[in-house]
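Feature list (source: TrEMBL):
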{"type": "TRANSMEM", "residues": "20-44", "note": "transmembrane segment"}
{"type": "TRANSMEM", "residues": "59-77", "note": "transmembrane segment"}
{"type": "TRANSMEM", "residues": "89-114", "note": "transmembrane segment"}
{"type": "TRANSMEM", "residues": "120-144", "note": "transmembrane segment"}
{"type": "TRANSMEM", "residues": "165-186", "note": "transmembrane segment"}
{"type": "TRANSMEM", "residues": "252-272", "note": "transmembrane segment"}
{"type": "TRANSMEM", "residues": "284-305", "note": "transmembrane segment"}
{"type": "TRANSMEM", "residues": "325-347", "note": "transmembrane segment"}
{"type": "TRANSMEM", "residues": "392-415", "note": "transmembrane segment"}
């Protein structure tokens, strides 16, 4: 009978799995799996193979974000959640919010010390404060739970619970990214991150310009009479549209967030859950199809991530400078996780974490030790500092391979 490498190591240590060597190996093996698949994506995108081109990676990222990830979230979160669990899991979104606050405070301190080049002060804070709470943790949990000898028990339950905990916080992360991060990454007024003014107009118009402005090019039409009711409706609609644009509702309600909302809604209503999500449900074929598609999410996102690294840090590194880039990477991977350990430890002492659920606590800890969020890089691209964000993401993901392994060793030592 074939045995896994992990089971051999654990049996060689008396079957307890408590030894330092077994813990280190168990922590390193999932990272090694992630690194191997990323390297394959890197190889496929390299000039020697050139199968995974830039357009292909863009399409693959879109497929993951719009279909595969929402399917995984809907199936795993919907099957795991109940009304009671919804009340018990309240600290997951609170943990993400606290992680953002603590990370941003650390980023603020680092930015004051390092003095990043203008205008990257707020950029530095964001890159340190916003971690990847979705894709990378899902990949990590999948790699850990795949092994039958994992310390969390049954692989299927391990994967379902871990994915459900991570998916439950997706909506909070989306709101944070498209509100807080979007406003923090705004360029200085009248400028861009290139240091060039967007609009170069005279502050005071000359006399000739004023005269020309007074001459209408077109004869204005007489305003048509508008009914009072339609005018009121128009004002309401305009105000709602303005509010939606101001709050970035279109960006917040992304496919993973919609999938999380549907999973929570259906999962906490017994009738709907028995109709779609349970194994003997009449429409379980839909959920099973989502599970099949969701299984493809992990390899696809890792292939795309590895392919994105083929371009290297690019021109963004020179704009930020070595000192600022190194400070962001070091602070995100080394300074932020200890603050997260303190937050989770205090939450456990106050009884905010379900007793005996080690996977729950592990997910909370992992959320503090992840590299910078890829989604924040997408927002940075919208704000005009995409090259700088790409450079940070490149270096932070390279060094995260080592840091995540070290933090997982510590987390497993705390839990087992």
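Cβ atoms here come from the backbone N, Cα and C positions, even for glycine.
Automatic, uncurated: that is what TrEMBL annotation is.
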**Fill in**
Between the transmembrane segment (59-77) and the stretches 89-114, 120-144, 284-305, 325-347, the largest tally of CB pairs under 8 Å belongs to 284-305
**Candidates 20-44, 165-186, 284-305, 325-347; stretch with most C-beta pairs under 8 Å toward the transmembrane segment (89-114)** = 325-347
**Asked** Can we call the transmembrane segment (392-415) and the transmembrane segment (20-44) in contact, meaning three or more C-beta pairs below 8 angstroms at a sequence separation of 6+?
**Response** yes
**For the transmembrane segment (325-347), sequence-distant contacts whose Cβ falls under 8 Å of one of its Cβ atoms, 6 or more beyond its ends** = 91, 95, 98-99, 102-103, 106-107, 110, 113-114, 116, 124, 127-129, 131, 313, 317, 353, 361, 364-365, 367-369, 371-372, 391-392, 395-396, 399-400, 403, 407, 410, 414
**Message:** Should anything in the same chain at least six residues away from the transmembrane segment (20-44) have a Cβ under 8 Å from its Cβ atoms, list it; otherwise answer none.
**Reply:** 5-6, 9-10, 13, 51-52, 139-140, 143-144, 147, 150-151, 298-299, 302-307, 309-310, 401, 404-406, 408-409, 412-413, 416
